[in-house]
Amino acid sequence: MLSEVLLVSAPGKVILHGEHAVVHGKVALAVSLNLRTFLRLQPHSNGKVDLSLPNIGIKRAWDVARLQSLDTSFLEQGDVTTPTSEQVEKLKEVAGLPDDCAVTERLAVLAFLYLYLSICRKQRALPSLDIVVWSELPPGAGLGSSAAYSVCLAAALLTVCEEIPNPLKDGDCVNRWTKEDLELINKWAFQGERMIHGNPSGVDNAVSTWGGALRYHQGKISSLKRSPALQILLTNTKVPRNTRALVAGVRNRLLKFPEIVAPLLTSIDAISLECERVLGEMGEAPAPEQYLVLEELIDMNQHHLNALGVGHASLDQLCQVTRARGLHSKLTGAGGGGCGITLLKPGLEQPEVEATKQALTSCGFDCLETSIGAPGVSIHSATSLDSRVQQALDGL
């Protein structure tokens, strides 16, 4: 087992095109969001395994000897396995969480224990570890925060247990694992996501593992070969939404008006495919006119999503504010509030960007400038992380 400190990060995700249509067998494009979750793992010898999640105020510790003495045969040794309902109940006993524990805390702890016990039980003795996870991603905003958490845990635990090698060499600031190792990280992260979401699609953990852009179609996930990093504004309207109700609303509208809604879904599919083609071209040789196409696709998709009934007054306001400044926006994810993205073309002056952010903030929204198409799960040297991240991991 490794004895050094590991620093791992993984990105969030946004849906670029295809939300809601994907439920009806159409293509969706998901891209990594360069708001990241950071994990620090420190092996120690105090006989405890500590988990600290400062974003949601969690600090938990378990006695390694007690975990070691448990009958963990309910966790099948060998390949990556899917957690069963019996395993979940057993893990709840192991976790020792109070009955009034918040759902977010319970799920985060169960995912951690499942991955820790499943990955580390092949060791002669369960390792004594101190793990801190801090995220730039707001939870529950549809930005893949739970997947980034699961990916960071899987990567760090597999590395510390030497199931996969540490790719960080002397002198490296940051590095990534091989394709084969990333596949194993992704498989375990998917099981962590299952602990949290029950029946996830696998898109969020795949985007967080691989980075860049992915295409999702009828259960099949594939990476776009070359996708450019694009600058965006990510705006959180802070309007809560009920994803299940929004998905049901689209289904009901499709049943009520099949000849109207089915062509809308087909058209959204065509938007996703055209965007995929343009991103491929941009990866080889970016040109200004390609940004114009991306902007048109954003506008068309936003109108289609409004026609499906998943818009919201807050999202209309976001689009109006940015359109007044010559920028193009759409909702991302379930709609009905939540988040929206605004494409920032190269050459846009920083004062213009700041003025747009200010205008959106004055609407009561949270607005961040970031990029999409960021690298997937990565391992960092201590000196390469900025002081803000270091302080957050130190609990300062």
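In case you wondered, yes, glycine gets a Cβ from its N, Cα and C as well.
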Swiss-Prot has Lys13, Ser135, Gly140, Ala141, Gly142, Leu143, Gly144, Ser145, Ser146 down as binding ATP; which of Asn46, Asn55, Asn175, Asn186 does it also list for that site?
Asn55
Within a 10 Å radius around the Cβ, which one of these recorded positions has the most neighbouring Cβ atoms: Ser145, Ser146?
Ser146
Please work out the number of neighbouring Cβ atoms within 10 Å of the Cβ of Ser135 (ATP binding site), leaving out its own Cβ.
25
How many other Cβ atoms sit within 10 Å of the Cβ of Glu193 (Mg(2+) binding site)?
26
Sequence-distant neighbours of Ala141 (ATP binding site) in its chain (C-beta under 8 A, six or more apart):
Asn236, Gly333, Gly338, Cys339
If I restrict to non-local contacts, at least six residues apart, and a C-beta distance under 8 angstroms, what lies near Asp204 (active site, proton acceptor) in its own chain?
Lys13, Ala30, Gly144, Ser146, Ala147, Glu193
Near the Cβ of Lys13 (ATP binding site), how many other Cβ atoms are there if near means within 10 Å?
30
Widest Cα span across the ATP binders Lys13, Asn55, Ser135, Gly140, Ala141, Gly142, Leu143, Gly144, Ser145, Ser146, in Å?
18
